[in-house]
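Visitor: The structure that follows is given in the form of structure tokens.
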Amino acid sequence: RASFQSAGGRGRRGGGGGARRRRAWGRRGARAAAAQPPGVAARLSRGEPPSGSALPRAAGYNIILTVLSLCGGLQRYMGQFYMDHRHGQGVCCWPDSSKFTGAFYLSHVEGYGTLERKDGRKFQGLYKSDDRFGPGIESYPGGCQDVGLWLKNHLIKLCTEVPGYFSVLDYPEHFRYVDASSQRKYISVEEDPFLRSYKCLPFDDKNILPEGVFAYSHNTDHLTLTRTFLKECDASYFQNTSKLPEGDPWPVANVTPLLVRMQMHVYKHRCCEAEFASDVSFILSGVRSTYGPPGPKELASEQLIQKAAKGDFDGVYTILRDELAHPDIADKHGYTALAAAAVNSHNDVVNLLLDSGADVNKCSDEGLSALSMCFILYYPAESFKGNIAERNLEPCFAYPFPCNPKGLLFSAAFLVWRGEISSSGNNIVAWVERSSCCDAALKNEVLSLLNAIFDMLMNDSGIFHVNFRQQKRWATIQLLLRRGADPNACWTPPPLLFFAIKAADAEAVKLLLERGARTDVRLPSKLGSLTPLHIAVSIPGEEGVQITQYLLHSAPDVDARAEDGNEAYEAKLSRGVTVHLKNETGPPKEYFSSYSGPVPEEGGRSALHMACEREDNCEHARDVIRLLLMHKANPNTLWSGHSPLSLAIASGNDLVMIELLKHGADPNLPLSGAVRSALCTAVSTTYEQKRTKAQRIVDKLLEAGADILAPVTLREGRQKAVGTAVDYAYFEYYQDRRIAHTPYHVLTASEREIFQKRRSLIEHITGKLRERVILKEKEWNQEELRRSKKCYEVGGRHCMQVLTVLSQKYYVLIPFFKYCYHCGRSVGVQLTPCIHCHEIFTCSEACRRKSWKERHRRECSGLPGRSDCH
């Protein structure tokens, strides 16, 4: 091992063979080792064997204090043993006067220790498997020190800050997507964050090792270490260490797998920090003020990051060639040399670092990988298209304004290039005023800077520079993906797939999916927990159709629901007129087919709900919905009381409605919101401004099997009644006091047009109801039906007499639907039968006269030859 064995020769790791060559003073027990007199530790630190009187006389235990000579006396060990392994505290010396004092674990250096070299250098820090792994300090004779997190012989993370480091805090328009509380993880030595199924095999000793295997072999370098054996080793290792009181769990500071393992190793040995000369928390939190001046490795590491940011290929190559710094070195914020080169589009330096072993997926402490930093720069918030999936989210501000001046030029250039702001008039001032990041003291300076920027951007050379810069960034993104960058590695801001989708960049979406971008990721709960598919189906234009197709080919969950089940599709309307409900029971069950389908699932919006809400382009929305339905999206789910079909009707998209009906949308699905069915949506006055010709929608629904006689529950305060879609249409109509209760000649021209449309729709649906009732009643015995209608209560004694006569003759009374033959209403009205035939009912004198004049004159069978009786 480079960091440990090179100090005094190669040496052999202690094992079963070392036990045959050791010169021991005697076997001693574990309890004797735990209670060493002060003189024993002092002698061990000086490389001297303890005196015989200092060791208690105990035998029969497998922990031994001894001197070990390996490889012809090149290495000498004094310390604790466990099962013939160097295990516990000990001192290892070499002939060149180098010495290590610290902890061992199964014959490997592991834990806190101090390595003193013959040239005066001294390293104090954490080890794992003979290598430096964690916080440490390397001191030099001149007084300088290299401080930070170590990986073998190199620093992997500094305690200093490199100027110009990348932070998501400089981009507040993206910081809204950060949800630290939900994404924070905590360190636990009991749970493996990288657990895979094959790792579960060593959990049971019987699955791995034959019984009693340690009786003839202690070679742990080649035997599988079972969980039971490791627990025994840990118990022996930490037996002399006092347990710390239970405290708050340690949050994961960096999600990079290597650094997670390092943090777990530090957490495991947190009770041994007293053996470390410095405060470990200072190094972990990046506090360096208490240490000496930077050493050569710190200086070289800082230079590597700075030269990578400047694109100094030769300087970076020299540092890496001479192994002066690790290619994955990062400052205190986790800002790596690779990230510095990537955000500045120095692709030659990016290739050099990756060829030298840099981790392309290493993240900063904010959870940003080099690829995600490039995405933030390539897709400013100004490039995002509006979509209905995020309509209820509070915007940061209309035009995001970068708090950091380094983003000012590009943001302004992007807006000018899209033609959203210009240098004329008060356009610049308005842009600055809308930006919430600028305080009053900075606005004058910002305005003068913007004017200078616009003067440059109005020239062709300025626009060319912006376009060229964007092309270079796109080339860097492609390079990182080609070199193995994982689109799912970053934790903040949102997953990279959302950037490309929100910007309607179909090419980038395709590239990310080809590189393994996950489609089951979600935005934070505070943003509705939206999926990429939710955003894609809401993107207007042909790009939205193309992106949706790409995503569906990656097999996402097409029925995934957002966390917006408590949101309302439309505001609750104030009621203008109170309708007197009389607990009417609605049509008898013989008139309609009861809904027998599955109970619709109520929840948040699905991708189908969002696509059906679209009002931008009917054809594009139809194409998106067709793709979803072809991939088995469920058209019969509910959100805010609406099904996808009712949302399509409310948004006035006939093409979408036809597509849904063609792919199995149930027009009789009971809804749970303000509207009770798809037909109720079609006649509701709430959505009349969005609809096309309402009569055509009603006809399409009826052709698809919608039952106009299906019961509809109406509520007014504590009162309720059951009616039909016609009753719902009147219920909605009478809520508008201005239109429904104002004389026609008083209405304005636009109000008269609304009045005519509403009356025409009600007359149309009433005619459909009448046709449906007549058609249904023709299926029954007409004599029995006529007899049953004559029994309708019209005057107390007369009705009772009729009922008595009919009951004596044992006639069967057929339940029939009582409704106004002219207006179709059955709720909130007093129905009176025709005094001649008793076969139809009307709710008022006006309806009776109009019904007689328009149709019943020819139909009445009670007074043949006397059609003028009315």
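Quick reminder: no glycine exception, Cβ is built from N, Cα and C everywhere.
According to TrEMBL, the record shows the following:
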type	residues	note
REGION	1-53	region 'Disordered'
COMPBIAS	19-30	compositional bias 'Basic residues'
REPEAT	333-365	repeat 'ANK'
REPEAT	528-563	repeat 'ANK'
REPEAT	640-672	repeat 'ANK'
DOMAIN	820-860	domain 'MYND-type'
Visitor: With Cβ-Cβ distances below 8 Å as the criterion, list the same-chain residues six or more beyond the ends of the repeat 'ANK' (528-563) that contact it, or say none.
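Guide: Counting only partners 6 or more residues beyond its ends, the repeat 'ANK' (528-563) has Cβ contacts under 8 Å with 385-390, 392-393, 495, 497-498, 501-502, 504-506, 509-510, 513, 519-522, 603-608, 610-611, 614, 616-617, 620, 623-624, 627-628, 631-634, 637, 639.
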Visitor: Sequence-remote contacts (6 or more beyond its ends) of the repeat 'ANK' (333-365), Cβ cut-off under 8 Å?
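Guide: Same-chain contacts beyond the flanks: 157, 161-162, 165-167, 253-256, 258, 286, 304-306, 308-313, 316-317, 320, 327, 371, 373-374, 377, 469, 472-473, 475-476, 479-480, 483-486, 489-491.
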Visitor: Going along the chain, which residues at least six beyond the ends of the repeat 'ANK' (640-672) come within the CB cut-off of under 8 Å?
Guide: 565, 567-570, 593, 595, 597, 600, 602, 606, 608-609, 611-615, 618-619, 621-622, 625-626, 629, 678-682, 684, 686-687, 690-692, 696-697, 700-701, 704-707, 710
Visitor: Over the repeat 'ANK' (640-672), what is the model's average pLDDT?
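Guide: Taking every residue in the repeat 'ANK' (640-672) and averaging pLDDT yields 91.
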Visitor: Per DSSP, what is the residue count of the repeat 'ANK' (333-365) in each of helix, strand and coil?
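Guide: Residue counts in helix, strand and coil order: 16 helix, 2 strand, 15 coil.
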Visitor: Go ahead and report the DSSP secondary structure tallies for the repeat 'ANK' (640-672): helix first, then strand, then coil.
Guide: 16 helix, 1 strand, 16 coil
